[in-house]
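Colleague: The structure follows.
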């Protein structure tokens, strides 16, 4: 279960991490990171050039590049998939996309869903063209509807295809890519670039600008905002209560109900082609005592602080997991670090927020509220503070300089647990929070208007955090013992 408001239950100790697991999963990556990064970039550019040579018809030059650079345009799994599509073996192709073992690597969970639905739609159409209406209806009713839960519009489009009497009429009515070349092209855009480089990828990068910037400026999140889940991290053995990105965004720390602190090593590609994010287990620490209630990185990136129910605030060294300093005497319910100063804001009681000076090892009272506060969050610019009050089911944004309310945000379900929100977007234009209904809610910061909600977790979403450099990327943690990485996009 999540952090119950006012709860002080003792935590059970997590089993010690297996050193071999840590070494295999993280240490080799860390020690050879620069070399691996350089090699990966060389391979990416070689494969981009290879795809462009094939697209332009220079097959001999492409073959020479394949030999010299030792790269391939398609992975074995992608070649197998293309063969299955050409042979119209839809069930086997679907297994490559959706099975956990030996499947094609997709860009995201949403991409996996879209590819699976496209293949079943193609199977459905193929059966209709063969006048096998009974089997087509079986595919529609038993494979498409219960598994993929298509929208009302998608259901209507598929139902209308039952009326088609010819291939020409099917071409006119079908609004999804169902012919083989269309289907392959669409799924090429859904799989990871490790499987195949999409057609015209290099040209699109060149058209982005004369400097071929692989990380274009991220747009403001306005209007209708949507979110795509890019990866699910599942190492924690307890409910995940807290998350924190390192300042450089390469590590993600998660704190769980069993007292464990797990570090995830992240890999982000945010250019138009390599728009993916993945996380692998790196290290695991054990808090001195008690349940870890909050965790935050310092701007230097070498240290982070965590607070627990045993009335201790701990300053950690990230490289070896040692304790640099420990404050005692006050129960640290929540922690936020000022982005430009060596100050840490700590919620130490239901009503008080104190500041801790990391350099001087001192602390003092900062703010006292009239209602019980459950958690706090500071904006990356250091100008705004989010306050969540116990059982109010609303968030409040304060201007730190004037201590005035900018907006209030309604819509979340918060009756029992502490839900930690964050700011998101290039200019922190969004406020984001988890909810007890398993969803992630997004509001416009200044107006308080609810813009969207993200569905994916199966239990309480305890915390949402923003990536420090990719402003439209957030991570959410839940009682379902998973951490999800999301990419937010604006439809307007």
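From the backbone N, Cα and C atoms, a Cβ is placed for every residue, glycine too.
Curation plays no part in TrEMBL annotations; they are all automatic predictions.
According to TrEMBL:
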COMPBIAS  1-10  compositional bias 'Polar residues'
DOMAIN    78-135  domain 'CTLH'
REGION    1-28  region 'Disordered'
REPEAT    233-267  repeat 'WD'
REPEAT    285-326  repeat 'WD'
REPEAT    430-453  repeat 'WD'
REPEAT    454-492  repeat 'WD'
Colleague: Short question: which residues 6 or more past the ends of the repeat 'WD' (430-453) have a Cβ under 8 Å from it?
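Modeller: For the repeat 'WD' (430-453), the sequence-distant neighbours (Cβ-Cβ under 8 Å, at least 6 residues beyond its ends) are 2, 221-227, 384, 386, 388, 395, 397, 406-417, 419-424, 459-464, 466, 474, 476-478, 480, 486, 488.
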Colleague: Under DSSP, the repeat 'WD' (233-267) has how many residues in helix, strand and coil?
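Modeller: With helix first, then strand, then coil, the repeat 'WD' (233-267) has 0 helix, 21 strand, 14 coil.
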Colleague: Which whole number is the mean pLDDT over the domain 'CTLH' (78-135)?
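Modeller: Here the predicted model's pLDDT, averaged over the domain 'CTLH' (78-135), is 82.
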